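J.: Take a look at this one; I'll ask things after.
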């Protein structure tokens, strides 16, 4: 065991979704969230699916698109300080398998939520707005862009 030895990554945020078992853990976490919401007695199935979708997308937005920097002291001399986690992922390379997974997972959850809510207009609007709020920041054209200066510093 190498005690006191630093990791080999300059910025560990860049490779976290490529860790072994991370995708399975992510899917199990979403599944557990849904089971917990279904176990609440006064939530109907459509409400549980919509809440699962909204909570998932809210968490994804906060952790991937709102929080900037890195929790580690990195030797990159502050290059990651102004980047969101999404922009740091896979060293900023577009269309990697991790980015595709994180892009397709809210879409699959949206389809499931839409199906189980029987395309009710209220749920459909909420789920669509939630989906767009996490898909639009993932577009390659918005890499490093701060709309209206929000989250600039």
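Any Cβ shown, glycine's included, is placed from N, Cα and C.
Sharing the feature lines straight out of Swiss-Prot:
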type     : residues : note
TOPO_DOM : 1-26     : topological domain 'Cytoplasmic'
TOPO_DOM : 68-100   : topological domain 'Cytoplasmic'
TOPO_DOM : 145-153  : topological domain 'Cytoplasmic'
TRANSMEM : 27-46    : transmembrane segment
TRANSMEM : 47-67    : transmembrane segment
TRANSMEM : 101-121  : transmembrane segment
TRANSMEM : 124-144  : transmembrane segment
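Mind mapping these onto the model and telling me what they sit next to?
T.: Confidence in the topological domain 'Cytoplasmic' (68-100), given as mean pLDDT, stands at 81.
Sequence-distant neighbours of the transmembrane segment (47-67) (same chain, 6+ residues past either end, Cβ-Cβ under 8 Å): 30, 33-34, 37-38, 40, 84-86, 89, 102, 106, 109-110, 112-113, 116-117, 123, 126-127, 130-131, 133-134, 137-138, 151.
Residues 50, 53-54, 57-58, 60-61, 64-65, 83, 86-87, 92, 94-95, 99, 102-103, 106-107, 110, 113-114, 117 of the same chain lie 6 or more positions beyond the ends of the transmembrane segment (124-144) yet place their CB under 8 Å from a CB of it.
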J.: Sort out the residues at least 6 away from either end of the transmembrane segment (101-121), same chain, that have Cβ-Cβ distances under 8 Å to it, and list them.
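T.: Residues 17, 23, 26-27, 30, 45-46, 49-50, 52-53, 56-57, 60, 64, 86, 89, 127-128, 130-131, 134-135, 138 contact the transmembrane segment (101-121) from elsewhere in the chain.
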J.: Grab the same-chain neighbours of the topological domain 'Cytoplasmic' (68-100) for me: Cβ-Cβ under 8 Å, and only residues 6 or more beyond its ends, written as numbers and ranges.
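T.: For the topological domain 'Cytoplasmic' (68-100), the far contacts come to 10-18, 137-138, 140, 143-144, 151, 153.
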J.: Please count the residues of the topological domain 'Cytoplasmic' (68-100) that DSSP assigns to helix (H, G, I), strand (E, B) and coil.
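T.: Counting residues by DSSP class gives 12 helix, 2 strand, 19 coil.
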